[in-house]
Amino acid sequence: MTPAPDQLVLRRPDDWHVHLRDDVMLEQVLPATARQFARAIVMPNLRPPVTTVDAAIAYRQRIEAALPDGMAFTPLMTAYLTDDISPDELERGHREGVFTAAKLYPANATTNSAAGVSDLACITAVLERMQAIDMPLLIHGEVTDPDIDIFDREAVFIERHLIPLRRQFPQLRVVFEHITTEQAAQFVVDGDPLMAATITPHHLHINRNAMFQGGLRSDFYCLPVAKRERHRLALRQAATSGDPSFFLGTDSAPHPRAGKESSCGCAGIYNAPYALESYLAVFEAEGALQHFEAFASENGPRFYKLPLNEDTITLKRTAQLVPAQLEGQGLVPFHASEVLDWRLAD
């Protein structure tokens with residue numbers, strides 16, 4: 001038996017789905033993402049949402065201004081699709097290198113998505129243009145019909161919307177973001193090279209029981225919600241399989257502790273500070289360390305047609321206790337009060 005390594009040196013990873021927020025929260029959470037990742041796809045669901053080239057440029061400038069001295073990090077900006085967004089505005093942003101991709105939020109599916117798309121038919125011209133200019137579409141894949149059980153909303157979205165969309169726009173590059181079900185994983189496996197998916201660390205670690213163990217655990221509440229154990233296991237198999245259609249996307253979504261622990265708690269898990277250590281625990285447990293670099297550092301940029309990072313990071317087998325709360329931030333990190341076996345070296 002090959003002995004377990006004490007150190008891993010990897011091509012620097014990227015995060016293909018992150019919420020950096022804005023203002024004070026941006027300043028608090030950006031260093032954690034920039035420490036672990038060279039680039040990140042930045043979600044546009046601010047208030048107001050990022051729907052124009054000028055808004056994306058301004059947000060990118062705020063991110064760059066908040067970056068601590070000595071840190072190298074590139075934010076990759078996205079456009080927030082609405083029923084009336086202009087195809088010309090999207091094309092201009094993509095041509096000028098401002099918009100890396102466009103994000104489809106079904107209206108009212110998640111945090112700050114009220115201005116999202118009410119019906120895919122409303123954005124047919126937009127999707128036609130995106131397909132023509134080879135601009136990736138990023139999808140929050142859940143239906144919002146109140147008659148559909150919240151645990152079934154991803155699977156129903158595939159049948160109602162994603163399958164027809166792939167048929168109508170077969171040359172459109174699509175990322176099915178933060179997948180949570182075996183149906184989603186299988187849909188991507190069965191798809192073509194223009195279909196990919198991101199997987200979060202928390203959906204690899206927890207199932208829906210975690211939200212209710214020992215009481216109501218608001219820190220494990222996110223959207224899409226965690227599902228049954230069989231879905232978690234299917235995600236672990238997909239992430240660690242070596243299939244290039246799957247890549248890292250944390251969906252790190254910080255909320256102040258007071259916002260999480262309230263009568264109407266916010267959806268989102270803040271996993272950025274220990275994201276790589278969290279993913280690595282899964283790959284090691286599944287006996288798939290040989291596939292970790294591709295998942296974290298190679299599959300994403302290849303799908304987005306971006307260069308691979310040339311610098312490296314080092315992860316060492318050094319146990320670390322994750323704090324119950326991050327000092328001075330009022331944020332509870334994923335794995336709070338747990339011990340992780342790996343540590344990202346400074």
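Using N, Cα and C of the backbone, Cβ positions are placed for all residues, glycine too.
Sequence annotations record features per position, and here Swiss-Prot assigns active site to D251. Around D251 (active site), a 10 Å sphere centred on its CB holds 27 further CB atoms from the protein chains shown.
Residues or ranges marked as Zn(2+) 1 binding site by Swiss-Prot: H17, H19, K103, D251. In the three-state DSSP scheme, D251 (active site) falls into the coil class.
Per Swiss-Prot, the feature substrate binding site maps to H19, L20, R21, N45, H140, L223, H255, A267. Cβ environment of R21 (substrate binding site): V29, L46, P254 lie under 8 Å away, each six or more residues apart in the same chain.
Counting only same-chain residues at least 6 apart in sequence, those with a Cβ under 8 Å from the Cβ of H178 (Zn(2+) 2 binding site) are H17, H140, T198, I199, T200, H203, P224, G249, D251. Taken from Swiss-Prot, the feature Zn(2+) 2 binding site covers K103, H140, H178.
Counted within 10 Å of its Cβ, the other Cβ atoms near K103 (Zn(2+) 1 binding site) come to 27, all protein chains included. According to Swiss-Prot, the feature N6-carboxylysine maps to K103, an assignment based on sequence analysis.
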Exercise. Would you mind reading off the Cα separation of H255 (substrate binding site) from H19 (Zn(2+) 1 binding site), to the nearest angstrom?
Key: 10
Quiz item: Inside 8 A of the center formed by the CB atoms of K103, H140, H178, which other residues of the chain have their CB, for the recorded Zn(2+) 2 site?
Solution: H17, M43, L104, Y105, T110, L138, I139, G141, E177, D251
Exercise. List the same-chain residues at least 6 positions away in sequence whose Cβ sits under 8 Å from the Cβ of A267 (substrate binding site), in sequence order, or say none.
Key: T110, T111, Y221, C222, L223, A253
